[in-house]
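> Take this structure first; my questions come after.
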Amino acid sequence: MKSQNSKEQKSDFSYKETLNLLKTDFSMRANSVLREPEIQNFWANNDIDFQLGSSNSGEIFTLHDGPPYANGALHMGHALNKVLKDIINKYKTLKGFRVHFVPGWDCHGLPIELKVLQNLKSDERKNLDTLNLRKKATDYAHIQINNQKEGFKRWGIWGDWNNPYLTLKKSYESAQIGVFGKMFLNGYIYRGLKPVHWSPSSRTALAEAELEYPDDHYSKSIYVSLKITKIPEEIQLNFIQKNINIKKDFFQNNSFITIWTTTPWTIPANEAVAVNPKINYIFAIDEEKRIYLFAKDLCSEISKKFNKDFKVLLEVKGSKLENIEYQHPSKNKNCRIVIGGDYITTESGTGIVHTAPGHGIDDFNVGQKYDLPITCVVDEKGNLNEYSGQFKGSNVLKDANDLIIEYLKVNNLLLLQENYKHRYPYDWRTKKPTIFRATEQWFASVNGFRSSALKAIEDVEWMPETGKKRIYSMVVGRGDWCISRQRSWGVPIPVFYKKNGNEILLNKEIINHIQELFSEHGADIWWDWDVKNLLPENYAKESDLWKKGKDTMDVWFDSGSSWAAVCELRSELKYPADLYLEGSDQHRGWFQSSLLTSVAVNNKPPYKKVLTHGFALDENGRKMSKSLGNVVDPNIIINGGNNKKTDPAYGADVLRLWVSSVDYSVDVPIGSNILKQLSDVYRKVRNTARYLLGNIHDYDPKIDSFEIDQLPLLDQWMLGRLVEVTDQISNAYENYEFSKFFQILQSFCVVDLSNFYLDIAKDRLYVSSKSQFRRRSCQFVMSKVVENLAVLISPVLCHMAEDIWQNIPYSTKEKSVFQRGWPIFSQSWKNKILNEHISNLRNLRVEINKAIEGCRNKQIIGAALETEVNYLPEDKALKDSLTWLKEFGNQDVDLFRDWLIVSNFQVVSDLVDNSLATDNNALGKIQINKAQGQKCDRCWHYQKETFNGIQNTKLCKRCSNIINFEFI
């Protein structure tokens, strides 16, 4: 009856107003769409952004920006690239380096030129001269740059946005002419007739970096028989020695060289066929008494393909076949067998290669050796010209192949036609096939400085290391670099040609003069001014003899000159740059073009370190494309989509967190599920920071600061853990291992703080007297944690970090988190013995919590404070740790009971009966019992001794004293 009566008299009075509850303006919800731009304005108005790094007193750190193309909307590839760079720059700024990040844009080239033309009506296109085209291209590029720039800034990227480098700027074009000029004067640039990758769809030559190689291209491959007209006496003697009696007339009328090609349209350009001198070839006769020449190792495959049974008449080394003559397949002339190289194999075909020196690099090289004609049968549109004879007017990408195949068939020269799937070069812009076509072009002779370039590669640190092997093999095997383009929107090659003849005018005086003119007036004057005004004064009298060249430079030469136009010219930067950071495709692009120009001019690489990242894919590992509907838009990640339920606004920091979470050295996935997971992590970090800020609202570090040995053991451990985490995160940033930062941050916020230190701290913070040491010491530690947590996350979660800093409730010397500098702690804060003991005790805490949670799940108890724990130790190290805690711990903070958040804990030698739960494990025996005594209505601890409180409430002795001294 008494117990029931006491329940009926239970008071509804709450001691909430007597507790030290959270107070902070740092909201639980980030509201990033509004708050992040406010923070960015704060940075801009207070010179916190890139100006901060520029004003540092340390060593210059230069991360040179590879220029994105000034066309189109920003995508996830941009986000991955620019955020990685920004993380590094912000970290270096905090470390005291002088960081001046100059963003850049690649502005010339065909895509912009085509965009301009597409936006014009037909009549406007016809009447458009070069200068107007260039003006429209300039205007278009600036619009694209401004759009992209605003996007980058919204991502929190710091940079010299008011003075970026643009490849269309006068100063840049002038510096680029300087690079070209020095390479020319060093003997590395020449003009010559040579097969180059030619895009009929773009009507210009292409560099290797402008090509794509899809795996699913099908070519019309053909096997062709070429009638032998003359055979050397040595081979005739071989037949005689083998007792093969074949009359000369019969042999010449019935013997054929067998070739295979995947480009039938080049047949009219044939000038020879090539064999490998090391391969064994056979003359084989079929049942129709026709003799064929092909590689011995391919006999079985050819027999199947032709559906013929062959009898081998004679085996001959390739080196012995030279000068066998045959009748050209479409022209009235004889050609011959020549000796080729290792490019001729027996992997496919016949082992004998159709050779058209005007339409292939290997063919060209063999042609040079044998002084063969360099016949080009195709014009700039891809149409066959007069040199193709009867096929003139047909197009290589349309009907030429079919016409030539039909011709060969009618003339009994076609042995077999079949589709052949292989990798084939496509124009990366138009997505259409390219061809090899011999034209007069300007080249950079890589042979002249290849060994220096390879040595420079060895001097650079490549991350990952595989990047070094990749670019090394590319430079070892690359041919001369075709740097001329037949387009209007680019930097002109500053050469003059004799009106009558092939003589060129290009020397040091002219190069320097053009460079000065471009510096003052820009490259447009090349089309605007006449020759007389472009030439130096002492050439004025002969200006009528010369005409301006029409070629522009490859855009890779544009961007590849950025070390000279940016790093070398700007005093706040340095050359070589500390770091280049781009996608892995740039080993054949910007990394390589920059390396080649820098080595050719200055005999050194333009960078000290090169870091590469993969590509952004969807969650299923597929390439993003509009057709698949799997494109992830960074703008939608930040601002949300039309349907905020399916596409919520996550803000820039979640985008940045994604970049830090992935192993960017390989291709990385992104999608809605990943974003939700990242948002959860972001929220946990934010809520951890909010809890820290909310509990130091009445803390003043000027009054309540402590030496570490004055603190309870738990607080000493927390500060030591802060030092360890800082060291780990520092190493992650230093080594560009940002995914480690992500993992360390998660573990620190969730495992060390939320689940352990802050969980235990609740009683100290809420229930203690405001100025009690157990509370102030905890606030001291929390202030250290929140200040340094803000700094540690600031390179990645820059907006949240600044938001935390602005909500620190006491005054700080620094206006911004980025002015604080990178944390430096005394290593004495780390205590190995303390760490070992607390690690043991945390392990025990985990096991006890499991047992308590089991009781809670069975609804035996509600809160853990309703229990008390008996522990029978079996682990010596753990027993020692409990003894250590009891001996050296602070009695107001370091009782293991309080670390468990139970009402009582005791080490026992025997367990009692009638427990709520018992658990036996390697650590010992754990027994969960119902807490004895009465519940304090203020702190909820169960105590055997309680006192009457307000309105029939019960208080423990501690809470009773606090209420009496502070509130009554």
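Even glycines carry a Cβ here, placed using N, Cα and C.
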> For which of the residue intervals 303-307, 348-352, 428-432, 623-627 does Swiss-Prot record motif ''KMSKS' region'?
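It is 623-627 that Swiss-Prot annotates as motif ''KMSKS' region'.
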> May I ask you to indicate which of 24-34, 68-78, 409-419, 904-914 is given in Swiss-Prot as motif ''HIGH' region'?
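It is 68-78 that Swiss-Prot annotates as motif ''HIGH' region'.
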> Compute the mean position of the Cβ atoms of Cys936, Cys939, Cys956, Cys959, which form the recorded Zn(2+) site, and then list in sequence order the other residues of that chain whose Cβ is within 8 Å of it.
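Same chain, not in Cys936, Cys939, Cys956, Cys959, Cβ within 8 Å: Val767, Asp937, Arg938, Trp940, His941, Gln943, Thr946, Leu955, Lys957, Arg958, Ser960.
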> Which of Cys936, Cys939, Cys956, Cys959 has the fewest nearby Cβ atoms, counting only those within 10 Å, among these binding-site residues?
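Lowest Cβ count within 10 Å among the binding-site residues (Cys936, Cys939, Cys956, Cys959) is Cys939.
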> What is the nearest of the binding-site residues Glu582, Cys936, Cys939, Cys956, Cys959 to Lys626 (ATP binding site), using the Cα of each?
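That would be Glu582, the closest of Glu582, Cys936, Cys939, Cys956, Cys959 to Lys626 (ATP binding site).
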> Which residues of the same chain, at least 6 positions away in sequence, have a Cβ lying under 8 Å from the Cβ of Glu582 (L-isoleucyl-5'-AMP binding site)?
Gly66, Asn81, Gly589, Trp590, Phe591, Thr612, His613
> Using DSSP, break the motif ''HIGH' region' (68-78) down into helix, strand and coil residues and give each count.
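Summed over the motif ''HIGH' region' (68-78), the classes give 3 helix, 1 strand, 7 coil.
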> Look up Glu582 (L-isoleucyl-5'-AMP binding site) in the DSSP assignment and report helix, strand or coil.
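In three-state terms, Glu582 (L-isoleucyl-5'-AMP binding site) counts as strand.
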> Count the Cβ atoms, other than its own, that fall within 10 Å of the Cβ of Lys626 (ATP binding site), considering every protein chain shown.
7
> Using DSSP and three states only, what is Cys959 (Zn(2+) binding site)?
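Looking at the DSSP assignment, Cys959 (Zn(2+) binding site) belongs to a helix.
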> List the helix, strand and coil residue totals of the motif ''KMSKS' region' (623-627) as derived from DSSP.
0 helix, 1 strand, 4 coil
> Averaged over the motif ''HIGH' region' (68-78), what pLDDT does the prediction give?
95
